[in-house]
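**Student:** Got a structure for you, questions after.
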């Protein structure tokens, strides 16, 4: 039974290690056969083009694309025109599902489509939703859409960046700044000038939506109560009020600074001024430099005064395509002089701070008695002030457009919908985006592959992995191995206690009698122990004979051979015990039994 805990620990350790290798091999096989499994899974899914249920203003799936729905327009201000294509996803494709793909790098792109009917901001919410997949990631560029204002001058055949819009919404990246735009153009009720209002940025990290190369669902909801929500993959990442959570604010300040007000010439804004009564001390020396040479410094031994610090590289060779007529005379690049291990060139002592330096004397500063504070223009009523308590009532729009410039190609767009009910957009997403997510999740690499991928950008994760792997081994070692050693020592101690035990005079006399009887009839070692100790030892289990150790066998054999020769010695020991104790009732002494080993 004492080995069961040890075997259990070894079994757990073996299972854990074997499981890791099995997971590794399984994930490797899954990764190698990813494309085959994708095709098999895709063939099992019966995809149907989403159909809107309810009132909608615009939908487009690109599954059955009619070019008249979207105008492939040119940008008038640019000679470089980007290319669009209708394609399936490169990875995790859904049979029968296609989308609009931006194909060109470093070029301007423009495409637009007319709504079934204009959207008028009144008493119904606005829900705008579409899908984006950065199939090659994104270096610099956007994937946002514009809802083009319903104006008399709207001309989709000449759609470009200056075309008037009501709302701009979607992802955008510039440098390391990942953005999710929600911008609307608000019309000043007095001046009639449109001003862009930017929603506050989301509080979540947007980077993974640009870099994981998955299809993400972007949703904008604007409510008639002047609130808004921005969702990614049907999770709210930003929300707020059109009155309070946009920059600049909808309503201007009631007062502004008077532009005609000017600061008086005698206005003194100086809080501190030099003390005019202060006089420079007579011992103030302004001629002392701030630093001087260290007179205690000595030129190091081995300093080479005549060696240059840099020399031409002796191993450098003139390039084969070097043209002296065009490139000039070739010179080898310079490298540090290997002889200058200590130093080269003219040596000079190092500079130290001059203890006598005081600098230019200036009078101390004191409070200005004529200080009048910082001047600011007076406030006057804002002539352009207005109060718009219902900014939801924006300019209506009647077209959707993508006007983009990107340094990365193959940006995938799909499943556009504009409606007034969130439930309609949710059902639309379930039929389109939901199928893509189903396939993406089925083809998602296992945990081992994800952990390895995470270390590419975060190498410090290797330390966490090693620590996590070593912890179970350390725990198993600490809980299993010490128990075996402890048990071993307990067995040895038990055997020693059986051999070395305290005896009294009466016990010695009894032992001599037993030894005499042993010459005539052998006695079992267990019965001899019971008689000599005067104790009754119960057997743990009947029918299971105990094994005798080698040391006990040697003692028995030695007793059998040496009982005759050592009989007199035993009687001498009894006499010595009688003299020392006086009687059998005296104090107990520990007397070691004489052991005779068989030579």
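Positions of Cβ are set from backbone N, Cα and C atoms, glycine also.
Since the structure is predicted, the reported quantities are computational estimates derived from the model, not experimental observations.
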**Student:** Given 460-481, 482-503, 504-525, which one carries TrEMBL's transmembrane segment label?
**Tutor:** 460-481
**Student:** Around residue 174 (disulfide bond), how many other CB atoms lie within 10 A of its CB?
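**Tutor:** The Cβ of residue 174 (disulfide bond) has 10 Cβ neighbours within 10 Å.
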**Student:** Relative to the Cβ position of residue 140 (disulfide bond), how many further Cβ atoms are located within 10 Å?
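**Tutor:** I count 13 other Cβ atoms within 10 Å of it.
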